[in-house]
2 protein chains.
Amino acid sequence: MTRFSFDLTATDGAARTGVIHTPRGEVRTPAFMPVGTAATVKAMLPGSVRETGADILLGNTYHLMLRPTAERIDRLGGLHRFMNWDRPILTDSGGFQVMSLAELRKLTEEGVTFRSHIDGSRHTLTPERSMEIQRLLGSDIVMAFDECPALPAERDRIAASMRLSMRWAQRSRDAFGDRPGHALFGIQQGGLEPDLRAESAEALRGIGFDGYAVGGLAVGEGQEAMFGVLDYAPGQLPEDKPRYLMGVGKPDDIVGAVRRGIDMMDCVLPSRSGRTGQAFTRRGVVNIRNARHADDPRPLDEACACPACRGYSRAYLHHVSRAKEIIASMLMTWHNLHYYQELMAGMRDAIAAGSFDAWEAEFHATRALGDIDPI
Amino acid sequence: MTRFSFDLTATDGAARTGVIHTPRGEVRTPAFMPVGTAATVKAMLPGSVRETGADILLGNTYHLMLRPTAERIDRLGGLHRFMNWDRPILTDSGGFQVMSLAELRKLTEEGVTFRSHIDGSRHTLTPERSMEIQRLLGSDIVMAFDECPALPAERDRIAASMRLSMRWAQRSRDAFGDRPGHALFGIQQGGLEPDLRAESAEALRGIGFDGYAVGGLAVGEGQEAMFGVLDYAPGQLPEDKPRYLMGVGKPDDIVGAVRRGIDMMDCVLPSRSGRTGQAFTRRGVVNIRNARHADDPRPLDEACACPACRGYSRAYLHHVSRAKEIIASMLMTWHNLHYYQELMAGMRDAIAAGSFDAWEAEFHATRALGDIDPI
């Protein structure tokens, strides 16, 4: 059986490209992971997600533990079979979403108790329970259970939270055990404080993980502050393991993160935006519900090969998005996920060719043109 | 260029099978037409609709004239290009839906004035305007503009309405003109009254159409009364033209209509039911939101080859339908449309083989088994 491993095949400055090997297939990095929160990438069939170029999906422990429950998914053969996706799945630990979605949260050294936002039922998440849930789901890449304060926060609060997360990281490692073919990633915390980030990285390296996330970002600090951390944080983590930036982001966030040495990212933005009529294109964001598209026979992007751009005009997408037809969510999400995967493929090729600077300049120059002129 | 024509290839009792030839492709009859109300079969991509076996779609004049408007669709190259469906489209006349959906309706000899249910704007539909709209849409099969009273209704009301519809049928015929490759269908009215049905059929035959609909049914009269009319009404219409039963129906309605000589049908039921968690199977209706499916690893129907049945358990469909995920509408609609097309294909084969009675007995016997036992 293939063991979990990471081959770094090329670098260009801090930017890296490589391949993560798993028993369920390869993940080309830098990788963007579409989010399949409740065992579905919203408005997409799994085969269509794969057609966009995705190698791996993200599943949300918090949502799945509440409905349909990890135990039920296990009885049904695991998350891959349940949602009809046979390639790798990364699951988050539930920690972040408990803090942002659940009600009546109570945080202790042991873990977090909370009430479900769906039906008010009471639950507990601990490092041990998070590992159990992610094992029941059959996750290929398991995330350590951590705690993440919203920014801005006091330095003392950030330090205490980071140290709790490091104790939880050790408990996650202990509870995960030895599971060949499955990976456990640790999560660096420390807010915007370089010394706390260094302390966190040192703790994680001491425990030892198959990959490392830069956590605690994309929580309201803004792009400049995030890039400030990414200028040094990836370098504090082991070079020979994948580095994952959680919950990022907009296309320019992603490009900036890859430039700074990030290998994996996930975000709901392309799918969520698709459902609200926002399209990402090489030339920026298009709000398809804007009246200027009502008579426009052109596709979202002439150069895009996705089904939305090959088969439909802006006028059609405008019509179905305004009419709240499901096909609008289907086509716009497909386009956005396709765009994101094209973005990643472009960066992988550029890094391999040693031309990331030129690629990035072109990326920004094309966006600076703005959307095509109205007809 | 292919002209519009109908080849009746076999009969079995009153049941018929054949092929409608159009410049945009053939329609195998008996045919079920999925409804693409607002230029989309809800929750389906056109390629997927075709994969279910559909040869032809129905578009709604009322909805499309209001949004995005027929003139806009014409400027964009017609409805086929707009919605990315290059096979035949039948459009209704708008008459029925004005009476069921629009506000502040006023009916005169000239036509109907009403306010849009979307934005309150004022519109008029006449036979001439309906023909113009359906021409702008690029419809392959155009329906005459008619008026249809809800049942039960007084005989005098039904007779007066039918005669108005016959005058409008003549005006529709005159306004339609000569459009090679495009067909105009007349609509028989007359409620549940055999002599009024005969009078209507005679009037339509005198005008001359490319096909004939049995109108004014599926408006609340019940299956027994509908079949009562279908026992004689199709026989009042020309044998060598397609016969279309509008807005029907449940699977057993469809089978009963085909047995009585109907060639074409349409209904929102398979798509609408899919969005509310109802699946049609050989063994009857399954409400996938019922708790008994929560742990069921079996597909909706072991014998079904649709993507929902090949890739997903009842437990998954239960989960996503309860969680109101878009994929639930996508998969359930696909299954239902696939089931309906399989039903039509089964009847076409049985009629061609002269074994419709045996096929129908098997259809009813399988349904009588009820859904599979809970696990």
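Note: Cβ is positioned from N, Cα and C throughout, glycine not excepted.
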TrEMBL annotation, substrate site containing B:D92, B:S93, B:G94, B:G95, B:F96, B:D146, B:Q189 - matching residue among B:G216, B:G220, B:G222:
B:G216
According to TrEMBL, which of these ranges is region 'RNA binding': B:170-176, B:205-211, B:233-239, B:247-253?
B:247-253
From the candidates B:H182, B:H335, B:H364, give the one listed by TrEMBL for the same Zn(2+) site as B:C304, B:C306, B:C309.
B:H335
Give me the mean pLDDT over the region 'RNA binding' (B:247-253), rounded to a whole number.
97
With every protein chain in view, how many other Cβ atoms are within 10 Å of the Cβ of B:G216 (substrate binding site)?
31
Can you figure out which of B:D266, B:C304, B:C306, B:C309, B:H335 (the recorded positions) comes closest in space to B:F96 (substrate binding site), comparing Cα atoms?
B:D266
Run through the region 'RNA binding' (B:247-253) and tell me, per DSSP, how many residues are helix, strand and coil.
3 helix, 0 strand, 4 coil
Near-site residues: substrate, ref B:D92, B:S93, B:G94, B:G95, B:F96, B:D146, B:Q189, B:G216, CB cutoff 8 A to centroid:
B:M143, B:A144, B:F145, B:E147, B:C148, B:S165, B:I187, B:G215, B:M246
Write down the Cα-Cα distance for B:C304 (Zn(2+) binding site) and B:G216 (substrate binding site), rounded and given in Å.
34
With every protein chain in view, what's the tally of Cβ atoms within 10 Å of the Cβ of B:C309 (Zn(2+) binding site), excluding that atom itself?
24
Please report the distance from the Cα of B:G95 (substrate binding site) to the Cα of B:D266 (active site, nucleophile), rounded to the nearest angstrom.
16
